[in-house]
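These notes concern the structure reproduced below.
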Amino acid sequence: MCLPKRVSGSAIQSVATAVGNLLCFNFGILFGITPAHMSLYESDQRTPLNTVTDPTGTALLTGYLFLSAAVGAAVSGCLALRIGPKSVLLCSGLLQIFSWFTIHFGFDIVHIYASRMFGGVAAGAALVVLPIFINEIADTREKAARLTFTMELWRTLGILLGFVLGFYLPYDYVNVVGCLLSCVFSLCFPFVQESPHYYMRKGNLQALEKSLRWYRGIRDIDDREKPEYLQELAEFKAEMKGEGKGIGSEHYSRSYIIRLIGVSFLLTICAKLSGVFVELNYAADFLGRTGYTIEMNYVVLSISQCVGACFARLVGPKMPRKVLLCLSSLLAALPVIALAFFKQFHESWALGIWCERYLPIILLATQLFFVSFGLYPLAAVVSSEVLPTKLHDLLYSLASGVAWLLLFGMIEAFNAVKSPIGPGLVLYLWVFAAASIFVGLISLPLLPETRNRRPSSVQRELGYVGQEGVAKVASAINGHISSSI
């Protein structure tokens, strides 16, 4: 891909990430149209299928989406290490094209199930590998964090667009929009370079240099003598000589690595169990006759997500990671707890007609705002900043797979536990609140602060002391070159 000499490395990283974010955006659309089209498939007059589907059959749509996402997430980490994150993302883009084609030409609910399975595998892989890819191409940790917050914004915008298209656009046109976006990604992303860290792991020095120059904006031969580029290249070469010694944990104390593995694993799972996907899928059940129309309720909730992600993109990278994670988690739990009490006791509260009608959607929208503001995006940011790259990639992949599998169980069990008086719904709300509170409680005492800190100081806080006192080895960890001291 020929780029003008004036383009900076930072701009190139942003463009590459923006193209990759089309996958998250497209997954958001696919998820958003799923609840919007459930009533369509159940309608005798409006169904685009040959036969009408019952509510049990349409409930499997989201279930298959999450189950296949678990498969995609679980295998994508290993695949990214073996064939490279760029190749995994390209395969995800092709699966998304198959997904939209299957929806467009499908005439039976089985075809729609197949589309959700294609899309789920693609989404599970993309949501794991894209943060890995961002972390490896960014020249600084702060740049990687900003790009990860941007990825969350794209995901929420995709969900919003999915609801709008699903409710207000003709069925066939929705599939065309999704397919076009997938094609744009598949046509543009091949011109993006593979991560230099992938070539480092493969021992391909020539390809590593080409990739590193591309992402650092070096187009002129004279620019190859820049001290920053030469230093980074030398450190990559030094790290290549030390490859094959494991997954990187030799730079850390074993006890602290075990602690961070546990914390990062739980953080990733709890972020997805905070209720975002379940609440958006079953907002009609959680809100009942309150709020606005069913369609408008979904749109309002997805807008609150977008606003939270937008605030996260603007102020998130500037705030201490631990403080933002703790505050957003606890603040996300409070409205869910209030909604649980409201569901259980509102008949005896005499709050007035306006409160009884609009308080539930205000509380649910507030919770989604705070989840997108810090809890959900920071799960990817923090774990990448406290663990070595290879270990993080495998752990994040496995934890995401487990989280999607738990979400599949919650989606499939939803219709069984809910009832007209609502104890099942209240139980789910308490699970969401517990997940958020748990993240807030473990973040402050167990996680180190990583913002604006060199990896060396983070490692000291983790308790690392080398055999000779302070290690002098230059290494590439967490997607960036640093000195392991």
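Note: Cβ is positioned from N, Cα and C throughout, glycine not excepted.
From a predicted model like this one, the values you see are computed outputs, not experimental measurements.
As given in TrEMBL:
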DOMAIN    12-451  domain 'Major facilitator superfamily (MFS) profile'
TRANSMEM  12-38  transmembrane segment
TRANSMEM  58-81  transmembrane segment
TRANSMEM  88-107  transmembrane segment
TRANSMEM  113-135  transmembrane segment
TRANSMEM  147-167  transmembrane segment
TRANSMEM  173-192  transmembrane segment
TRANSMEM  256-278  transmembrane segment
TRANSMEM  298-316  transmembrane segment
TRANSMEM  323-342  transmembrane segment
TRANSMEM  362-382  transmembrane segment
TRANSMEM  394-414  transmembrane segment
TRANSMEM  426-447  transmembrane segment
Contact call for the transmembrane segment (12-38) against the transmembrane segment (147-167), three or more Cβ pairs under 8 Å: yes
Highest-contact recorded stretch vs the transmembrane segment (394-414), from 113-135, 173-192, 323-342, 426-447, CB pairs under 8 Å: 113-135
Mean of pLDDT values spanning the domain 'Major facilitator superfamily (MFS) profile' (12-451): 86
For the transmembrane segment (173-192), sequence-distant contacts whose Cβ falls under 8 Å of one of its Cβ atoms, 6 or more beyond its ends: 1, 16, 19-20, 22-23, 25-26, 29-30, 33, 86, 89-90, 93-94, 96-97, 99-101, 103-104, 165-166
Long-range environment of the transmembrane segment (256-278) - Cβ separation under 8 angstroms, sequence gap at least 6: 31, 62, 66, 249, 305, 329, 332, 336, 367-368, 371-372, 375-376, 378-380, 382-383, 386-387, 391-392, 395-396, 398-400, 402-404, 406-407, 410-411, 414, 428-429, 431-432, 435-436, 438-439, 442-443, 446-447, 462-464
Candidates 113-135, 323-342, 362-382; stretch with most C-beta pairs under 8 Å toward the transmembrane segment (426-447): 323-342
The transmembrane segment (298-316) vs the transmembrane segment (362-382): 3 or more CB pairs under 8 Å: yes
Long-range Cβ neighbours of the transmembrane segment (323-342) (under 8 Å; 6 or more residues past either end): 274-275, 286, 316, 349, 359-360, 362-364, 366-367, 370-371, 373-375, 378, 382, 426, 429-430, 432-434, 436-437, 439-440, 443-444, 447
